[in-house]
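*Asks:* Structure in structure tokens, see below.
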Amino acid sequence: FVNGKFCKDPKLAKAEDFYLSGLNIPGNTSNQVGSMVTQANVQQIPGLNTLGISLVRIDYAPYGGLNPPHTHPRATEILVVVEGTLYVGFVTSNMDNRLFTKVLHPGDVFVFPEGLIHFQFNIGHTNAVAFAALSSQNPGVITIANAVFGSDPAINPDVLAKAFQLDKNIVNQLQSRFWWDNN
């Protein structure tokens, strides 16, 4: 039992434990954020257990498809654009909260350091596709807006109003929305 998964007896391993098909199929971007992440991690490929690597395909709707601000608590991400034009970035941790951004075109690569909040936004007028490798077989993902405003049970609105310097009615409105998970 390693990393939350049972280790399979090597004598019982088969090729299917190391295989996944379907990353050539576009994800459905008809949702609130206009993107879809198709995962290839230890959940889909059991043979990845303990190997420290995984992969995702990210599809973005034309202008406005967004992989919302999120973080991977257990992995660094390296992203390569295959189609389209993406505006990408990450924010360093407190105290600086420095924003690093870049516009990426097909063949361009960008790295998001482990644990830092990052995003990708399609600024092109066509669909965009990117693939990302992550330095963990189970990188985890915390989508910031979903976690803060869509937690169950809800975080006390007084806490969020003060933290985000918002009127409590706005916090209540944000908490009442359905927060889409594109993973």
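Including glycine, each Cβ sits where the backbone N, Cα and C put it.
Pasting the feature list from TrEMBL:
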DOMAIN    21-172  domain 'Cupin type-1'
BINDING   N67, H72, E77  oxalate binding site
BINDING   H70, H72, E77, H118  Mn(2+) binding site
*Asks:* So around the oxalate site, N67, H72, E77 aside, which residues have their CB within 8 A of the centroid of those CB atoms?
*Replies:* V56, H70, T71, A75, L79, F112, H118, A132, L134, P139, V141
*Asks:* Measuring CB to CB from H118 (Mn(2+) binding site), give everything in the same chain under 8 Å that is also at least six residues away in sequence.
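*Replies:* Listed in sequence order: P69, H70, T71, E77, V88, G89, F90, V91, F112.
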*Asks:* State which of the following binding-site residues has the fewest other Cβ atoms within 10 Å around its Cβ: N67, E77.
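*Replies:* Candidates: the binding-site residues N67, E77. Fewest Cβ atoms within 10 Å: E77.
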*Asks:* Enumerate same-chain residues with a sequence separation of six or more from H72 (oxalate binding site) and a Cβ-Cβ distance below 8 A; give 'none' if the list is empty.
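*Replies:* Those within reach of H72 (oxalate binding site), by Cβ under 8 Å and sequence separation of 6 or more, are F112, E114, G115, L134, S136, P139, G140, V141, I142.
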*Asks:* Including all protein chains shown, what's the count of other C-beta atoms within 10 A of the C-beta of H70 (Mn(2+) binding site)?
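*Replies:* Around H70 (Mn(2+) binding site), other Cβ atoms within 10 Å: 22.
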